[in-house]
Amino acid sequence: MHSPSPQLLRALRTSISAPNVSNRLCANTRIVSPISRITPHVQTYRNNSSHARPVRMVPRAHTAKPASRDRGPQSTEDTQTDFAALNVLGNIPAPTTAIDACLDNGFHLDNGLKLTNGDGLLLVGGEAFSWRPWTAMGGEKNAMVNKKGQFEVDEQAWGLLGLVWPRPGSPSVMARDEPLLAPRPSSDHSSIRNAEEEDALLTGERTQREQQRSKWAFWKDVGLFSWAFIATIAVIVLAVVYQHETSKNHNAKQPWGPGGKPTGKRNLIFMVSDGMGPTSLTMTRNYRQFTEGLPVDQTLVLDDHIIGTSRTRSSNSLVTDSAAGATAFSCAHKSYNGAISVLPDHSPCGTVLEAAALAGYKTGLVVTTRITDATPACFASHVNLRGYEDRIAEQEIGEHPLGRVVDLMFGGGRCHFLPNSTEGSCRGDDRDLIEIAGQKGFHYLNDRKAFDALNGGSEAKLPLLGLFAEKDIPYEIDRRSQDGVYPSLEEMTRTALKTLSQATADSDKGFFILIEGSRIDHAGHGNDPAAQVHEVLAYDRAFAAVLEFLEQDSTPGVVVSTSDHETGGLSAARQLHDAYPEYKWLPGVLANASHSSEFAGATLREYLSKNPDAKSQRKFARELLEKSLGVVDATDEEVDHLLDPKLPYTNNYVFADIISRRAQIGWSTHGHSAVDVNIYASSTKDAWRLVGNNENTDVGAFLSDYLEVDVEDVTRRLQTPSEWTWKPEVEPSTSTSLSWLGDPLGEAVRTDGLDTYHGEFKKRSMDLETRECGCGELH
């Protein structure tokens, strides 16, 4: 960097001697500054306005020193101005090379420098610019004012800035040989005229010729501005219309998004987080951050893939159960609570899994509850009431009007496949469905050792039936200590995906699979926050495993995840006393728990059945609270409650309440709630129709449309016995062709339309028999 050339100093002197045009629009107090030698008024402050419309002026490249100081810059010269040598800025930081915002009487630079009230010469990055206030150029003051009162001007044509040196439009600034101020001719007249033009360049004053052209330039500018304004309005209108069309609720009849409908081979992975509501995610996220010492921006994998929400009501209640919720997913139709893929009139509706199987896709079910429970049942069977789990098991192995439709099943519920003469059976008859499944070609697994022998799916052969527990697979918080007995949801997910991918490698069709985090719901029913956070974390890991599979597999696909409903009315805060509530909940209490309330309750009941001594029972109860739940301050009243033999409900609930109170976690019910639930997906490109708020039937419609399968044709075939590939034995008590669905509900049961208030708000009797469905509780 070098001292300024004589030509630049001459330009400075010229600008200083030029008449000043004062502008009184700004009434701010004038602050004396060294730069006032160039401009009549300077203010400095930090400007926070946007850089949306910068005018960039790139500094010239540095080269060797000039050979002479009595001419303009040569191609080998350094033209960067040395502001320190000029000493005109004083302590004010040198301007950078961008105009940040123009004012009505000046402009801002993006380093915070503000120049107002007057005209003069501005030095920016080795360039000299003449400038004038907007009002001095005859512009309309309000024409370009933004919300900050600043003029936003893109073009130098508006007259605010004029490049003086180096000369604009030169082919190469560095290659020019002419001096800054051109030599004047000897003629007095031409000398005066060119001097005026030179002074005009330096001061911003118009010459007579420029004034003659100003009329046409003005109308040209008006035309350009009008065109730009109209074009901007048109773009804004189109953008608003597009946003409205793409963000509103999409239904099955609407066309696909900009990416178009998927074509060719594809895989669809549908995940259900049974009973997981928005608060379950909040509680689990907080828990993970606390226990792992993570910053607040470290969230769950699911959090990064949320795309919408789902409304959950059934055909006969604002609060759905899992059966009606899963029927909405599988059939894309509303039905009554308890219905397993049947409509309110008790006729069967075709499912996306059945349609996929008939179209040539491979299919699978992976759950952590019984494989005959409501959610998996709704994809591969049809019964009038979810409690008919024996019938569901029969249909899942192929005793189904369409034949076998499931290629892979992993989960629990072995008791429904064993004859009632066998230990561990919960069937009502002596049929051995495991033997029958083998006759139909199923390869059967019943323990961890057999599962591990699949080698992650590379050694698996379809059809495959894996039943790893008599009833439900234990909660993840309990399964961790029994890892050698039960596979995790993530392990079953990875193995199932590898198996199905391998089985479809040479096919022009992919696969459809349902994967359910089943026991999130059970933890909600039990109001057990410690069990639930571990179930949600296990589900999050399974979701991450699916994303990893989709990235690595050669077949395109998508994963969509949602819940059928929320369970428990969970609240991440709880008021325990009459005093003003505390604004907090305590994840550390959950971190102290090593087992679920279900595990603690079963352990206590077993001990009580073998040890009748009251004193030893109390001691054991306190030790169990400390060992299983980490609770060391149990009150005598709480212990008495645990040991009460007349409890109308299981003592699991007492254990759960003890830990919930200390963590300040609230619950409003042991049942479900009507809250909307989240929808997640691997890609909004493929799941664009589910963006925003949807009905749960919209999710079901998306599944069949993505696979391009005809669910309604499956419904027709199910309702047409002449097209069945398997015929059920007609029961003596009925002649209906739909007897395979089980007995329909009585006329007193409403299957369509909402119930009304019956004045029973005080107390309802508890009939434990009505809660039993042959295996476990209704969920």
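Cβ atoms are placed via backbone N, Cα and C, with glycine included.
Residues or ranges marked as region 'Disordered' by TrEMBL: 47-78 (among others).
Feature annotation from TrEMBL assigns region 'Disordered' to 175-207 (among others).
Marked as compositional bias 'Basic and acidic residues' by TrEMBL: 186-195.
Per TrEMBL, the feature transmembrane segment maps to 222-242.
Its Cβ taken as reference, Asp274 (Mg(2+) binding site) is surrounded by 28 other Cβ atoms within 10 Å in the chains shown. Annotation source TrEMBL lists Mg(2+) binding site at Asp274, Asp373, Thr375, Glu516.
Around Ser322 (active site, phosphoserine intermediate), a 10 Å sphere centred on its CB holds 30 further CB atoms from the protein chains shown. Marked as active site, phosphoserine intermediate by TrEMBL: Ser322.
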Considering only the binding-site residues Asp274, Asp373, Thr375, Glu516, which fall within 10 Å of Ser322 (active site, phosphoserine intermediate) when distances are taken between Cα atoms? Asp274, Asp373, Thr375
Identify all same-chain residues not among Asp274, Asp373, Thr375, Glu516 whose C-beta atom falls within 8 angstroms of the centroid of the Mg(2+) site's C-beta atoms; report them in sequence order. Val272, Ser322, Ala326, Val367, Thr369, Ala374, Pro376, Ser518, Asp521, Asp564
Secondary structure at Glu516 (Mg(2+) binding site), reduced by DSSP to three states: strand
Helix, strand or coil by DSSP: which one applies to Asp274 (Mg(2+) binding site)? coil
